[in-house]
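Below you'll find the structure, written out as structure tokens, and then a few comments.
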Amino acid sequence: MIDRYKHQQLRIGLVSPQQISAWATKILPNGEIVGEVTKPYTFHYKTNKPEKDGLFCERIFGPIKSGICACGNYRVIGDEKEDPKFCEQCGVQFVDSRIRRYQMGYIKLACPVTHVWYLKRLPSYIANLLDKSLKELEGLVYCDYLNFSFARPITKKPTFLRLRGSFKYEIQSWKYSIPLFFTTQGFDTFRNREISTGAVAIREQLADLDLRIILENSLVEWKELGEEGPTGNEWEDRKVGRRKDFLVRRMELTKHFIRTNIEPEWMVLFLLPVLPPELRPIIQIDGGKLMSSDINELYRRVIYRNNTLTDLLTTSRSTPGELVMCQEKLVQEAVDTLLDNGIRGQPMKDGHNKVYKSFSDVIEGKEGRFRETLLGKRVDYSGRSVIVVGPSLSLHRCGLPREIAIELFQTFVIRGLIRQHLASNIGVAKNKIREKEPIVWEILQEVMQGHPVLLNRAPTLHRLGIQAFQPVLVEGRAICLHPLVCKGFNADFDGDQMAVHVPLSLEAQAEARLLMFSHMNLLSPAIGDPISVPTQDMLMGLYVLTSGNRRGICVNRYNPWNRRNYQTKKSDNNNYEYTKEPFFCNSYDAIGAYRQKRINLDSPLWLRWPLDQRVIASREIPIEVHYESLGIYYEIYGHYLIVKSIKKEILFLYIRTTVGHISLYREIEEAIQGFSHACSYGT
């Protein structure tokens with residue numbers, strides 16, 4: 001079993017036959033060694049008990065009921081006085097039935113078979129290491145008549161075919177004549193000396209490899225191809241490029257085998273592991289019918305064919321060689337179907353034309369064992385809801401619906417009610433929460449102020465896929481999110497869902513505050529560019545907010561067909577006449593007029609501005625000059641207006657703007673002042 005304190009990671013890879021045997025083999029107290037599954041049966045049709053040495057054997061995988069053997073005898077588990085520890089009649093140990101979740105078995109194959117993941121998956125690891133084509137290896141493994149091939153023996157002794165040089169590919173006649181010759185009855189000894197077929201040939205070649213020599217030779221060849229340079233022939237240059245890519249993959253694969261101490265011949269199986277019974281159960285449903293995992297049927301298929309091959313090899317003198325080769329091919333195909341159904345073409349189906357789910361189908365994909373059961377399983381103190389935009393939130397805050405918040409922090413609220421003597425026990429506290437009393441929301445807000453939450457959006461492809469936020473209560477049933485953090489999550493507000501988790505331990509809370517808060521993850525960890533940038537709705541909002549008359553005062557003032565930005569009034573003769581643009585002393589008056597709907601968001605207006613020489617252009621000529629009766633006059637320019645006295649002294653300066661520009665300016669100014677205040681406070 002996996003101990004979370006001892007095992008910090010999970011890695012899938014190749015293991016040796018000795019390791020498979022160590023996992024599956026166990027020694028009974030009487031010295032008997034069990035673990036090999038030899039019969040393709042599951043349960044007896046009369047007794048409904050597991051068959052001995054079958055796929056659900058209690059001797060191999062443990063008892064179905066804790067402390068009860070196959071005979072029905074009972075022993076107390078863990079009692080040292082109880083003796084013996086197993087039943088001498090049926091050989092079942094008196095242990096906990098949970099052992100059937102991790103106790104494995106094995107099938108001893110009558111012939112070696114290649115692991116289809118390493119042969120057929122692209123790129124093929126076996127073809128890469130042996131530097132041979134996949135088509136040639138398939139002909140060697142599956143003994144196809146149209147694509148039949150065989151390999152020279154690894155033995156260093158001289159052979160007839162080695163002396164004649166018949167393994168050269170220029171001689172095509174060997175493909176058909178030599179296999180027929182060696183499959184003739186009575187030539188077994190001669191055949192085993194001269195040629196090698198099936199997975200045995202591949203295993204011998206893999207076992208004969210020196211990985212360090214392969215690494216050195218591949219590096220030398222890659223350097224030689226790089227020094228040659230382009231030939232001018234496009235076809236040859238592509239061929240050289242493909243060869244260089246192949247050499248790079250071969251060197252990387254070789255380094256991986258050397259670094260992990262994996263032997264290449266482990267890609268050929270002698271022992272086939274059998275999963276624990278609880279991971280491939282047979283369940284009885286209503287009506288007495290049984291539902292079985294597809295893997296059980298695939299295991300039965302392997303055992304049937306393997307036992308048939310064992311019988312043929314036992315009587316090898318009277319068995320034709322072609323029959324043995326065909327049966328070896330059937331065993332290979334049965335193991336391929338068990339590991340990855342359909343990888344070689346047409347998948348295997350049951351009587352209802354339904355495709356069997358192989359081992360690969362069980363563990364891979366969205367509904368596989370890892371993503372659905374282990375990584376995607378439901379956990380306590382977590383919730384899920386749709387996300388909506390929360391523009392009024394701070395960057396490090398998120399809006400949490402009351403319904404979700406009260407469920408996530410219920411235990412903390414109960415503790416707060418009891419500590420403040422508002423509830424005498426847990427039951428009373430739960431009743432107060434169920435009735436949604438006002439004091440409950442007050443305590444909930446106190447709890448949430450000091451407790452961050454984690455938001456995660458699947459798929460979590462990089463570090464910013466899960467970030468920490470300070471939660472605040474919001475109405476509704478959707479999680480509110482600041483739009484600037486959407487890029488890190490790759491989220492938008494068209495129905496995306498996010499999961500919320502509560503870190504419980506002090507270590508998790510400290511990590512969330514120091515490393516995972518959203519305002520501390522402003523740069524992309526991959527390339528270092530800013531990742532909290534305006535996108536989508538924010539860009540459109542900024543455009544609408546700042547869109548206005550970009551051509552100055554002339555565009556609308558003297559164009560009778562484009563006066564939408566001006567206030568107009570209706571005269572007696574049903575004609576619209578121009579009303580001059582309003583003047584405001586400060587931004588608060590302008591925004592107040594907008595809220596009272598006296599002006600529009602993009603309506604031009606004059607806003608009093610401090611005297612600034614950067615605004616006033618000395619060489620600019622005014623468009624208009626208005627004179628008042630008291631001697632004051634107005635010089636109107638393209639984007640500003642100057643009020644001067646009779647002595648030509650500047651009294652006031654007005655700039656031509658809109659409410660949208662004013663709002664954006666105020667937001668930027670407040671942000672800069674807040675940042676400056678924070679910096680001065682920090683120093």
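Note: Cβ is positioned from N, Cα and C throughout, glycine not excepted.
Per Swiss-Prot, the features are as follows:
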BINDING   Cys69, Cys71, Cys87, Cys90  Zn(2+) binding site
BINDING   Asp492, Asp494, Asp496  Mg(2+) binding site
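On the backbone, the CA of Asp494 (Mg(2+) binding site) and the CA of Cys69 (Zn(2+) binding site) stand 58 Å apart.
Listed in sequence order, the residues Ile387, Ala491, Phe493, Gly495 complete the 8 Å Cβ shell around the Mg(2+) site centroid, once Asp492, Asp494, Asp496 themselves are left out.
The distance from the Cα of Cys69 (Zn(2+) binding site) to the Cα of Asp496 (Mg(2+) binding site) comes to 53 Å. Using a 10 Å radius centred on the Cβ of Asp496 (Mg(2+) binding site) and all shown protein chains, the other Cβ atoms total 17. Residues Cys69, Cys71, Cys87, Cys90 make up the record's Zn(2+) site, and a Cβ search at 8 Å around their centroid adds Ala70, Gly72, Asn73, Phe86, Glu88, Gln89, Gly91, Val92 from the same chain. Sorted by the number of other CB atoms within 10 A, the binding-site residues Asp492, Asp494 start with Asp494, the lowest. Ranking the binding-site residues Cys69, Cys71, Cys87, Cys90 by how many other Cβ atoms lie within 10 angstroms of each Cβ puts Cys71 at the bottom. Between Asp496 (Mg(2+) binding site) and Cys71 (Zn(2+) binding site), the C-alpha separation comes to 56 Å.
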